[in-house]
Structure formats: structure tokens, C-alpha cells
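Inspection log for the structure reproduced underneath, given as C-alpha cells.
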């Protein structure tokens, strides 16, 4: 029997006996149950710090991505096929903050799962669905940016609202179908039945994934990653070439003769740069986790608990990063936030507000 267990996107409750902060004693998750999992509680100080750090991440993911979705869906100036992809990506990150991070906070700090066996499986499915949905969205966004930068004049006719809708539908359907079917058919536990039986206890949320499915999970992350790296490499080369062409003209000539195509290309390059940073942040956040998952599966479950928890929460925190990236690089997003938080969004005709002043 294959005795290697991997966590399907961070949803296994490991005993917290190797934590960064020392535990005070060993207890049971449910004191009156013989089949209860063992927990190692933190002392009050570290416990409060961890709740604050994890809770802040969840709140930022929920509020920040809610602002992104509200901005794009409310203001008509932002109604574009590319921005609809960004709004859908924000929805995935919003759902991570709402349905995954709060429960994982309790699991990570308390060392126990108190939300029932049914939601344990849902929680795992949500993690898988939202993670893969995010990477598929980012992959489509990179293709969108490549078309916009390489051929800005024909871009509006090539990447239409219909194309954007198909990309969004594909990203969500494939992610949800894959994650839920994998866990609810039990395919992930094939060959691990005896080990699962030994590990099962009340207050745990253990999801066993055999080597075959760990490898498939890794491929679902790796293939879109390679596509994005290739596409953004081409975008970088195109942007560099366009910049060199502009530099060949004198400043005075450039002001007089700068074409509509040049202005559009400049705007699209800036958007590509910002979204490229979002892609890089996603890859840097999730790549260590996926590398660790495949190492664990094939080398015998060797990752220390505290290392695993750090990798999981780095990945979770990515859901809170995109709104910060947009706020830093997009003046229109900062203006939209101001209109939303001051309540001006409730005024009549606020949806027609100009977010791009000259």
C-alpha cells in the first residue's frame, strides 16, 4: 500500500507539535471522545498574534476584492472584457477570504477542525476550486494582454465580451468539476484506504491524495504557469521593441506625430505590467506550496508542520495581494475606492463618473 499522504491544497489538520511557538500542553480536540484528535494549544500571547495575523489576511481578502468587484461592475468606464476577467479573478480571491481562510485560521491556531466532517470536504473542494480558478483566470489575462500589446488596434474585435465570458466560464467550471469530482468520488484515496482509516479521528480534517493525483495537481499548476511565463516574455520583448522605436524619434517629433496606435500601445503596456506583477505574486505565493506537495508525496511526508503552515498561509495571503497591487498602480482604482467608501457611489448617475481624468 502506498503510505504517502499529501494535503489537497492545505486542508489536512496536522498536529501542531512542531510549531514556531511552543505549545503549553497536549490535549484532545474533544475531551469526552475516545476517537478525538490530539491538539497542542498555544500559549495566550502567540495565539492572539496568530489570530490577528490570519484574521487580518482574511478581512483584507474579503474587503479588498469586494472593492475590486464593485468598482468594475458599477462604473461603466471599467466595463471591458479584460476587466470582467479581473472582476472574476477578484471573486475567486473574495471567496477564499470568505469560505476558506476563517476556518483555516481556527484549524491552524487550535490544531483541530470544529466545523464538521461535511464542511471539511467542502472546505477542501473550495480551496482547490478557487486556486485553480485563479490560475486559469491569470492565464487568460496574460493571453489578453499579449493580444492587446502586440496588436492594439484589432484587439477590441479579437477579445470581445463573448470571448471573455467563455474564458470565465471555462475557468470556473473546470476548477469546480475537477476539485469536487476528485474528492467526492474518492479517487484521491485509491491505495490509501488503510492509512486513511488509521489517521481518521474526530476533530481532524484529513484529505489523503495519492501520488498519481498529486502529480496531476502539480501539472494543473505547472502548465498554465509555463504558458504565462512564455506569454509575458513575449510581451516584454514587444514592449522593449516599442520603447526603442519611440526613443528613435526626437521628443518634439514624438509629441507632434505620436499616433493613436502608439498611445493605445503605451496604455496597454502599462496594464500588462501591472497584471504581470499580479501574476508574479501569484506564482511566488503558490509555487513553494506545490513544490512541497510533490516532495511530500514522493519522498515520504517529510515536511515539518511549521514549514507546511507557513507555505499554506503564504498561498492564502495571495488572495489579499491583488487589491493592494491595483491600488498601488491604478489611479482609477484609488479614485473608485474613494467614491465607494465615502458613499458617493450611491448618488444618481455615479456609474458614469469619469475615472480617467486627463
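Using the three backbone atoms N, Cα and C, a Cβ is placed for every residue, glycine included.
Of the residues 34, 349, Swiss-Prot records the annotation N-linked glycosylation site for 34.
Membrane topology of residue 40 relative to residue 108, as recorded in Swiss-Prot: same side. Cross-referencing 146-166, 167-187 with Swiss-Prot places the feature transmembrane segment at 167-187. A Cα-Cα distance of 10 Å separates residue 37 (disulfide bond) from residue 205 (disulfide bond).
Here the CA atom of residue 34 (N-linked glycosylation site) lies 17 Å from the CA atom of residue 205 (disulfide bond). Using Cα positions, the member of the recorded positions 34, 120, 210 nearest to residue 201 (disulfide bond) is identified as 34. The transmembrane segment (122-143) makes no contact with the transmembrane segment (48-68), as judged by fewer than three Cβ pairs under 8 Å among residues 6 or more apart in sequence. Where the transmembrane segment (275-295) meets the stretches 48-68, 84-104, 167-187, 213-233, 310-333, the count of C-beta pairs under 8 angstroms peaks at 310-333.
Residue 120 (disulfide bond) falls within a helix when secondary structure is assigned with DSSP.
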